[in-house]
Amino acid sequence: MSDKKLNEDVSKRRTFAIISHPDAGKTTITEQLLLFGGIVREAGTVKARKSGNFAKSDWMEIEQKRGISVTSSVMQFDYEGKRINILDTPGHEDFSEDTYRTLMAVDSAVMVIDAAKGIEPQTKKLFQICKMRGIPIFTFMNKLDRDGREPMELVSQLEDVLGIEAYPMNWPIGSGRILKGLYDRHNHRVELFEPGVEGRHFLPLDDEGNIKGDNQLEGDSIYDDAKEEMDLISEAGNEFDPDKIANGDQTPVFFGSALANFGVQTFLDAYLEMAPAPGQHQTLQDKEIQPIDEKFSGFVFKIQANMNPHHRDRIAFVRICSGRFEKGMDVTLDRTKRDIRLSNVTEFMANTRENVKTAVAGDIIGLYDTGNFQIGDTIYTGKDEVTFEKLPQFTPELFMRVSAKNVMKQKSFHKGIKQLVQEGAIQLYTTYSTGQYILGAVGQLQFEVFKFRMQNEYNSDVLMEPMGSKIARWIDPEQLDEKMSSSRNILVRDTNDDPLFLFENQFAERWFKGKYPDVKLTAKL
Ligand code: G4P
């Protein structure tokens, strides 16, 4: 395989996640995107997954019950010469550390916002992770076919609440029942909203930004208002800045309606013009791995367990960072330096008729795993050692006390906990006072999966006692005095032996800070 071919293949890849608060329209927009990619049948499965009608026979029971499917974790399709990978970031109660870690494996993010609701909590959390990574973030203001907030308000919310510069690529002409179209300054045209009419229709703009020739919007006050606002933004708003967009300091903003399929293709076309192909990855050996390096490398960002006790396999999701994956290839697992043959692999072409045998940088492969992999593991080919930077840890918000139901089975209890924690399925803390175990998670599902797997894989029934949400804050061991601990700020140690407090609420944290003003408390991400 020549360099040129690899170069060509990599430059076609666009790998992103859609981040949003539940119900903003992520599923609807994903389906639209798959449709543009000619994936009709599979598009239905995205919806079905959500409604729980979709079950694949041999995936874990919990997944089936909830209708989550591994095949919808990564969706791949071709559009306009590009190969697009969409990585799912589950919302609702499926929200977990995996959701955050998935954002470590993408090159850009699309933020979908319900125009009636503005920025909601989950969007904000996910946004912050993308911002920390410095990846481009594109915004789609959805549900324009309904009455929503003023577009000006939505745009300034991005700046005020999220602290990111906004650059509107287009501007709505009305909304809800009086939605007429989009004033599209990027493409110098007006896109008409014509429900029930086949195809998209555009009115071109002249050099002054006015619609050329006679048209139905002339003299329409709704159009005039939109044009006026767009002119105001062009004069007084942010300048389009590709460098800022590349670093996630400015977000291009698009308006539309996923349900009415309005503005979605316009968004996708502009997104593909601007979104980056896979970039380089830094290693702990102080090297930058280029995606077109011929040597293969990648890292595990997610592990999904198969709950079937008869075959205790799992799937390790690997983001390819360089080179080309070939079925049956031998790679080195950096953590153990052992060689592993990648023969049992699943790929994520949404269109099942196409059986892709190779994947390149930017793509995701799923490795059937019998316990070799941990989250954050690097795999590579060649003699030179490659270790990608560690995946960040996220501050858990939900906590449970955990113990073995049967005191005679302590051994399997400890073994199970140790392995699941190592794998990254859940976080573990030990209290200073009694040495009791406390589990931490960012989403409720992590606890359920933990319990299920302890029972099925380690034959260990566990007792779990909810402690509700807490605020976890790490403290410098030098500053720690065990007497600082109380029932409202429980002192625990994490698996690195670092001390932290679990505060009952913000009030308790503030009280603590008032009492110990010199003590520095820190959160993870
Ligand atoms: P999510 O994945 O982000 O959770 O959201 P999803 O796409 O499932 O959309 C949530 C609800 O919002 C759905 O309605 C969906 O039809 C609706 N929706 C999505 N995009 C638009 C839009 O552009 N305009 C309008 N008016 N509605 C939109 P639902 O009633 O909850 O589900 P369903 O019965 O339609 O499946």
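In case you wondered, yes, glycine gets a Cβ from its N, Cα and C as well.
Caution: TrEMBL annotation is automatic and unverified by curators.
The feature GTP binding site is assigned by TrEMBL to 20-27, 88-92, 142-145. The 10 Å shell around the Cβ of H92 (GTP binding site) contains 14 further Cβ atoms across the protein chains shown. H92 (GTP binding site) carries a helical DSSP state (H, G or I).
According to TrEMBL, the domain 'Tr-type G' annotation covers 11-279. The average per-residue pLDDT of the prediction over the domain 'Tr-type G' (11-279) is 89, rounded to a whole number.
With a cut-off of 6 Å between Cβ and the nearest atom of ligand 1, the binding-site residues D23, K26, L144 reduce to D23, K26. Sequence-distant neighbours of S20 (GTP binding site): residues of the same chain at least 6 apart with a C-beta under 8 Å from its C-beta are K26, G91, M111, V112, I113, Q122, T123, L126. S20 (GTP binding site) falls within a strand when secondary structure is assigned with DSSP. Secondary structure at L144 (GTP binding site), taken from DSSP and collapsed to helix, strand or coil, is coil. Counting only same-chain residues at least 6 apart in sequence, those with a Cβ under 8 Å from the Cβ of D23 (GTP binding site) are D114.
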